[in-house]
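Here is what TrEMBL says about this protein:
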DOMAIN    1-86  domain 'Thioredoxin'
DISULFID  CYS4-CYS7  disulfide bond
DOMAIN    309-456  domain 'Thioredoxin'
DISULFID  CYS378-CYS381  disulfide bond
Amino acid sequence: APWCGHCRALAPEYSKAAALLAAESARARLAKVDGPAETELTQEFAVTAYPTLKFFRDGNRTHPEEYTGAGSRPAWSVGGWAGLRHGPRLRGLFAGPREAEGIAEWVRRRAGPSATWLEDEEGAQALIDGRDVVVIGFFQDRQDQDVATFLALARDALDMTFGLTDQPKLFQKFGLTKDTVVLFKKFDEGRADFPADGELGLDPGDLSLFLLTHSMHLVTEFNSQTSPKIFAARIPNHLLLFVNQTLASHQELLAGFGEAAPPFRGQVLFVVVDVSADNDHVLQYFGLKAEEAPTLRFINMETTKKYAPARGEPATAASVTAFCHAVLGGEVKPYLLSQEVPPDWDQRLVKTLVGKNFEQVAFDETKNVFVKFYAPWCTHCKEMAAAWEALAEKYKDREDVLIAELDATANELEAFPVHGFPTLKFFPAGPGRKVIEYKSTRDVETFSKFLDNGGELPAEEPAAPFP
């Protein structure tokens, strides 16, 4: 759509990708459609958002392929420890790569073979030598269903190079006797094998997880280039070593950290965070200051629970191993972030809550407490700030009503996690620790009806969906 900001941001890279494919005489072309102007086409192909990208193959008009693949927005992009909950990020309306080479490679792997056919040792070795990570499928029967599974996965794993062979001499060269997918890499152990199940064949999910896990370094340094792969790896546990890379004494800890990593491959992802680099958002997420390095933190990505070792414990191979086992074994309690209670927390119309005073205030049996859980960067939170202040002004003379707010990016609660912003919850007076979530229009009038009616909207007031 001509007015769409996402479309305008994509346009230069899309044009570059088109030029790359045209220069290669590829069997595919890129095109664009002005959606609002071509209503018949948008209706035919169910286009409801911009930009939408679809791939049409061999004149098939009825089943175009949606644009997805490597480079997609990973599951960690809301709430991940990379600090994305501490700053706004663009959420694209499609899930494929957004840069020219990624777009072109996505199309290449659909217009042509997604894996290079290998006939001899020279070709195989050249492929392996040419990239840091190369995946080769060794299959005795080219018509086997496992080959189709392998090629389908190769279409989407754009950051890896794929090869394919059925040549007995190549099986022999690489010491294989059965169908196997082998990942060759120029780091760590150099090679990882994934044998196909003789009866069940290749499971695409298991193979995908294997490639993601083994294509990563045992220890990964966090930066803008590595972060997408860190969170796409689908390893639930992350162990972070915070160090200052400008200090020799900190660099000496990296060897021991790496020494502890191999037994935990696939279970715990080992990550190094340089506090001297631009990683303040990561420090903030874990409630750390740069001067606290070197230190370790462990996080479970599914529960978002965070763990810290005993204070002052050195990061040696033995202590890192012991810390991992202790967390995985349930022997370490998670910690929660909290700011200090401001001296004037109850002096403003809107009361200021933090982790350390939340329980006492929110669950006070004599008060009806309406709380806004917000993020400082959240646009929706800023938009409703005036209404929240006006609500507090309206009820300032009601001793049984408190209007409050809590920065949920700097304070965590044991009672419940907060994932979206703003989240509005009402804690009515009385026993039972009752919690009611507000999910209607964010204006003073509707807020007031909700409060005056004991935490629910009157029957004649339908609950309107909120953005």
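Heads up, the Cβ atoms here are built off N, Cα and C, so glycines get one too.
Automated prediction, rather than curation, is the source of TrEMBL annotations.
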Length of the line joining the Cα atoms of CYS4 (disulfide bond) and CYS378 (disulfide bond), in Å: 21
Inter-residue Cα distance where the pair is CYS378 (disulfide bond) and CYS7 (disulfide bond), in Å: 23
CYS4, CYS7, CYS378, CYS381 as disulfide-bonded residues, winner by CB count within 10 A: CYS381
